[in-house]
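Report on the structure given below.
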Amino acid sequence: MIRIYYDQDADLSILQERTVAVIGYGSQGRAQARNLKDSGVKVIVGLRPGSSSAELAREDGLATAPIGEAAREADIIQMLIPDEQQAEVYAGEIAPHLKAGKALMFSHGFNIHFGQIVPPQEVDVFMVAPKSPGPMLRRLYTEGAGVPGLIAVYQDYSGRARDLALAYAKAIGLTRAGVFETTFREETETDLFGEQCVLCGGVAELIKAGFETLVEAGYAPEIAYFECLHELKLIVDLIYEGGLTEMRCRVSNTAEYGDYRTGPRIIDQRVREEMKRVLAEIQSGQFAREWILENKANQPVLKAMRRREREHQIERVGKELRKMMSWLKK
Ligand SMILES: NC(=O)C1=CN([C@@H]2O[C@H](COP(=O)(O)OP(=O)(O)OC[C@H]3O[C@@H](n4cnc5c(N)ncnc54)[C@H](OP(=O)(O)O)[C@@H]3O)[C@@H](O)[C@H]2O)C=CC1
Ligand SMILES: CC(=O)[C@](C)(O)C(=O)O
Ligand SMILES: [Mg+2]
Ligand SMILES: [Mg+2]
């Protein structure tokens, strides 16, 4: 039975005695740095020269410094810049300051697991991975709640790496919801699989396929948008609150019957076989190699797909309809 850690299992004081450098102030960096600060932890935000985030960090009441200076001052260095940027920044600005007894940490295991960052042996290396986008991590923390997360220890030079990981998880609110211990390999492979096959890739294609099917059949794009995109949050919220059973209890019997009857025809055996192939590509390092080379070529595929997807009809229709939804944060 996997062990789940909660607030009572973590000692925040061992982190409050230390200084944490949060490198990067984006989705995770801003959320984690603000939560750490509100939990009484001394934080320095490390940013590149001319960073567009520096002013925001200071407005949020956080100290900022150039990355190298933050790494030099801190006891724990948390790498919260994009995965594809971490290896170069680590080599140039973090590694020179990784003195014996310090700690290097991550919120995703990509660069350690695929050997892009190889830390010295005299430091702790661990991960605290929120299972949530950054803004939700911050919002739930401010509401006294938390998101679940994973911890993993790669190197335990001090003998306290797990204690530090748990203290960090508590400081950003994860132990309010539950923290599981895993490995860098398991977090990396499951996170890449989940974001590609379910959370981002799978869901986006399901939404677009449904929308395109209805529009090509002559139905109004606005109706297709509400049916295949807008209402998805309302359905997923029910699943989030009470599992598939709760959702199936709350929708009509007609919808529930259609769910059982048609769902397996959409996500069929071919899809399941393809998921296994995707997992194998992740496990073998083939995806990592592809993503690393994509970045060495300055992201031509990513940029082309970004442009194409932003021009999709569902994005144009949705942008107009969301203008009428005053409750959506601008
Ligand atoms: N996004 C998420 O919700 C989740 C992310 N993670 C993991 O967290 C880590 C951070 O991801 P995420 O928060 O999405 O990252 P972001 O893309 O949001 O990071 C943006 C920040 O990184 C800085 N940055 C970008 N490139 C460079 C560079 N070359 N040199 C120095 N700084 C740079 C930016 O600086 P500037 O401000 O100057 O532009 C900015 O502060 C990753 O390992 C990711 O896998 C884990 C769980 C969820
Ligand atoms: C938000 C999250 O957990 C993701 C999808 O794995 C990510 O942003 O990398
Ligand atoms: Mg994830
Ligand atoms: Mg991810």
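Cβ atoms are placed via backbone N, Cα and C, with glycine included.
A coil conformation is recorded for HIS108 (active site) in the three-state DSSP classification, outside any helix or strand. Cβ neighbours within 10 Å of HIS108 (active site), excluding its own Cβ and spanning all shown chains: 23. The annotation active site is assigned in TrEMBL to HIS108.
For ARG48 (NADP(+) binding site), the count of additional Cβ atoms within 10 Å of its Cβ stands at 16 [all protein chains shown]. DSSP gives ARG48 (NADP(+) binding site) a coil state; it is part of no helix or strand. Residues or ranges marked as NADP(+) binding site in TrEMBL: TYR25, GLY26, SER27, GLN28, ARG48, SER51, SER53, GLY134.
Around the Cβ of ASP191 (Mg(2+) 2 binding site), the number of neighbouring Cβ atoms within 10 Å comes to 19. Sequence annotations record features per position, and here TrEMBL assigns Mg(2+) 2 binding site to ASP191, GLU227, GLU231.
The feature Mg(2+) 1 binding site is assigned by TrEMBL to ASP191, GLU195. DSSP assigns ASP191 (Mg(2+) 2 binding site) to a helical segment in the three-state reduction.
The annotation substrate binding site is assigned in TrEMBL to SER252. All chains included, 8 other C-beta atoms sit within 10 angstroms of the C-beta of SER252 (substrate binding site).
Residues or ranges marked as domain 'KARI N-terminal Rossmann' in TrEMBL: 2-182.
Per TrEMBL, domain 'KARI C-terminal knotted' is recorded for 183-328.
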Margin query: Averaged over the domain 'KARI C-terminal knotted' (183-328), what pLDDT does the predicted model reach?
Written below: 97
Notebook entry, point to check: For GLU195 (Mg(2+) 1 binding site) and GLU227 (Mg(2+) 2 binding site), what Cα-Cα distance in Å is obtained after rounding to a whole number?
Noted result: 23
Checklist line | Neighbourhood of ligand 4 - binding-site residues from GLY26, ARG48, SER51, SER53, GLU227, SER252 with Cβ under 6 Å | finding: none
